[in-house]
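Here the structure comes first, spelled out in structure tokens, and everything after it is commentary.
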Amino acid sequence: MTSITASRSSQLGATTLLTIVILALAWFVGFASRLFAIVRFESIIHEFDPWFNYRATHHMVQHGFYKFLNWFDERAWYPLGRIVGGTVYPGLMVTSGLIHWILDSLNFHVHIREVCVFLAPTFSGLTAIATYLLTKELWSPGAGLFAACFIAISPGYTSRSVAGSYDNEGIAIFALQFTYYLWVKSLKTGSIMWASLCALSYFYMVSAWGGYVFIINLIPLHALALIVMGRYSSRLFVSYTSFYCLATILSMQVPFVGFQPVRTSEHMPAFGVFGLLQIVALMHYARNRITRQQFMTLFVGGLTILGGLAVVVYFALVWGGYVAPFSGRFYSLWDTGYAKIHIPIIASVSEHQPTTWVSFFFDLHITAAVFPVGLWYCIKKVNDERVFIILYAVSAVYFAGVMVRLMLTLTPAVCVLAGIGFSYTFEKYLKDEETKERSSAQSTNTKDEKLYDKAAKNVKSRVLFDNVSCPVSVCNAADGEETAVSGNVRTVISIILVIFLLMFVVHATYVTSNAYSHPSVVLQSSTSNGDRIIMDDFREAYHWLRENTADDARIMSWWDYGYQIAGMANRTTLVDNNTWNNSHIALVGKAMSSNESAAYEIMTELDVDYILVIFGGVIGYSGDDINKFLWMVRIAQGEHPKDIREENYFTASGEYSTGAGASETMLNCLMYKMSYYRFGETRVGYNQAGGFDRTRGYVIGKKDITLEYIEEAYTTENWLVRIYKRKKLPNRPTVKEATIPIKGKKAAQGKNKKGVIRTAKA
């Protein structure tokens, strides 16, 4: 007995050690695979939103947390400004600041920028551990290890967590997975402690990312599904009630969230499930204390009355303005054309477009094909916690199809279910045949002992079925037992699965290296012989603004570049990536879409000093402002339909073009003039005519562009960023001599040729 115990403890120790080693390797590989941008370029913040996050974090580290919450940023949204503490999720900044403070306390003095750059790769390891814990609770430790390894390098998650991608999603996916793990744990145990920890994890998620709404709707959906399936239990009541009460109170402590959990329609389903759970609990309590007829009357009548009353109260609160109706972002998730019609600023963002099939394979690879297998296994062996992953997978697949950005929420579910699929399959195909036969024999003996009186009937049914002999393996499969598979087939299938896994590793590394490890502020190209060319036009332009403009200069650009201008140039911007004020953005879009004189009036009203545009016609950069221009027109038309009409910018055949067939409105608008000024006399290639646009692939429609109200201030080396200065026109226009004829006699003058003052007649 002692030897058996010692053997089991040694096996447990070896399994624990192996698990720790695999998770550590997953953390290391996930961290290392996200450093391509650092190795190839430098330690720099990527993209657009991360620049504001870095600027806000730097301000918090310098001035403290409370001054950060009360920080009024006068360099944003001129002349409105922005109260940062009330318009930002502070979890990302607080996390970086805490890590920086701990390192300083340990005498590891690191600049806050380096903490921001390496934060997302570091949290990728924590996400792998959280995914392991969740999958372990749902299925088995082996499936958890598969899932952890998948999410550590999955391109769908790597796209938002490479080094330098200092965005909210870098830490939010860890909080998402850890919250789900704690929810499943609390449901399985019915413990208030686990439910409280789940609420704390949810609070961290709320402070980090607006995607917390997905959690606060998925968990109530899970509770509702369990009630409908007849799986209500006291564990469900304790876990959900404790979680909802604590989570709601804690989430309201985030200034940006405030009273939204009790005053917005997106949070009302969670409250409705909370109320329904109280009713169901009361019914279960009363079931054994009243007659069946009384119970059915109370249940049906009470539920109908309370449900109808709840609906009436909800609509009354919405009508009275106490509860906000569903937002436009909510409707855009269910109607893909809603945003383009009603909220064009949402539809203008590339990551809000519907997902293509190629994107699913690109970001998920083999896991996209295997995760339905894991989903089927969970459906086949369903229990309370597996209902959760089923709902998670189905809802995440739908939302990821509607919006490409939400691939980020689908990736964890795919990794979990793919881990279950691979683990269960490998477990069946790599299991030792002798062990399987021994366990099968033991189970058969046990079954025979319990069902000895039915043995003859079972044998008869196995041998004859309508006078046709039945193979034992087929009969076993018909009775729900596993069909025997030859060793050769098992070996071949296992080798194929291993090859698929290796292909996934190669694909994930390639995609991370070539697609997701290029900072947007630094562009890379290559010559015909393979030499690398670095185009640093963005930082060149921002450095020029910082060194050659006044400290209070106001820069007008499209909202995409607002955060970068404020972060790198340290200059005041009119609009930025926060996009909270659609009217202000529409006014900038109107200025870009109008002719030069009308645009000058708008720029004068907004005190604009410089205008910045992105032009890719020289180097073939497709993300320039000309390609985004139609969205500026649409957003401006939404607020100023009398002045801006989208059809006026199309050719006679209804196409969008800046070439020979472009409309007069297009050729005379401010955006066209600023992009193509002096471009007509420029040759981009030996065999190309002057004014040939590499991005659009044709010669521009108007080459002799003159500017009257603005002047060129600076153009970067590759013409990627162009900066113009608004001219300071005189208050009064000068009248040219002899342009207005004056009739009548000249006034008499004295000898000194001065006017004579005459007294008025009485």
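Glycine too: its Cβ is placed from the backbone N, Cα and C atoms.
Annotation source TrEMBL lists domain 'Oligosaccharyl transferase STT3 N-terminal' at 18-418.
Beyond its flanks by at least six residues, the transmembrane segment (83-103) meets 53, 56-57, 59-61, 65, 68-73, 109-110, 112, 115-116, 119, 166-168, 170-172, 175, 204-210, 254-256, 578, 580 of its own chain at Cβ-Cβ distances under 8 Å. Here TrEMBL flags 83-103 (among others) as transmembrane segment.
Away from its own ends, the transmembrane segment (115-133) comes close to residues 23, 26-28, 30-31, 34-35, 38, 43-45, 50, 53-54, 57, 92, 95-96, 99-100, 103, 141, 144-145, 147-152, 157-158, 160-167, 170-171, 173-174, 177-178, 181, 412, 415-416 of its chain (Cβ-Cβ under 8 Å, at least six residues beyond either end). Per TrEMBL, the feature transmembrane segment maps to 115-133 (among others).
Sequence annotations record features per position, and here TrEMBL assigns transmembrane segment to 139-157 (among others).
Per TrEMBL, transmembrane segment is recorded for 178-203 (among others).
Per TrEMBL, the feature transmembrane segment maps to 209-229 (among others).
Residues annotated as transmembrane segment in TrEMBL: 236-256 (among others).
Long-range contacts of the transmembrane segment (268-286) within the same chain, counting only residues at least 6 positions beyond its ends with a Cβ under 8 Å from a Cβ of the stretch, are 216-217, 219-221, 223-224, 227, 232, 236-237, 240-241, 244, 248, 262, 295, 298-299, 302-303, 306, 310, 314, 323. Marked as transmembrane segment by TrEMBL: 268-286 (among others).
Under the heading transmembrane segment, TrEMBL lists 298-322 (among others).
Within the same chain, residues 138-139, 150, 154-156, 159, 386, 389-390, 393, 400, 404, 407, 410-411, 413-422, 424-425, 500-501, 503-504, 507-508, 511, 515 sit at least 6 positions outside the transmembrane segment (357-379) and bring their C-beta atoms closer than 8 Å to a C-beta of that stretch. As annotated by TrEMBL, transmembrane segment applies to 357-379 (among others).
Per TrEMBL, transmembrane segment is recorded for 386-404 (among others).
Feature annotation from TrEMBL assigns transmembrane segment to 410-430 (among others).
Among the features that TrEMBL reports, transmembrane segment is placed at 492-510 (among others).
Averaged over the domain 'STT3/PglB/AglB core' (555-611), the predicted model has a pLDDT of 93. The domain 'STT3/PglB/AglB core' annotation in TrEMBL covers 555-611.
Beyond its flanks by at least six residues, the transmembrane segment (386-404) meets 138-139, 180, 183-184, 187, 214, 218, 221-222, 225-226, 229, 231, 332-334, 336, 350-356, 359-360, 371, 375, 378-379, 410, 413-414, 416-417 of its own chain at Cβ-Cβ distances under 8 Å. With Cβ pairs under 8 Å as the measure, the transmembrane segment (410-430) is packed most heavily against 139-157, out of 139-157, 178-203, 298-322, 492-510.
Against the transmembrane segment (139-157), the recorded stretches 178-203, 236-256, 298-322, 492-510 differ in Cβ pairs under 8 Å, and the greatest number is found for 492-510.
Residues of the same chain lying 6 or more positions beyond the ends of the transmembrane segment (236-256) and with a Cβ under 8 Å from any Cβ of it are 69, 85-90, 183, 186-187, 190-192, 194-196, 198-200, 202-203, 206-207, 212, 216, 219-220, 223, 226-227, 262, 270-271, 273-274, 277-278, 280-281, 384. For the transmembrane segment (178-203), same-chain residues at least 6 beyond its ends with a Cβ under 8 Å from one of its own Cβ atoms are 126, 130, 133-134, 137-138, 212, 215-216, 219, 222, 233-236, 238-240, 242-243, 246-247, 250-251, 253-254, 384-385, 388, 392.
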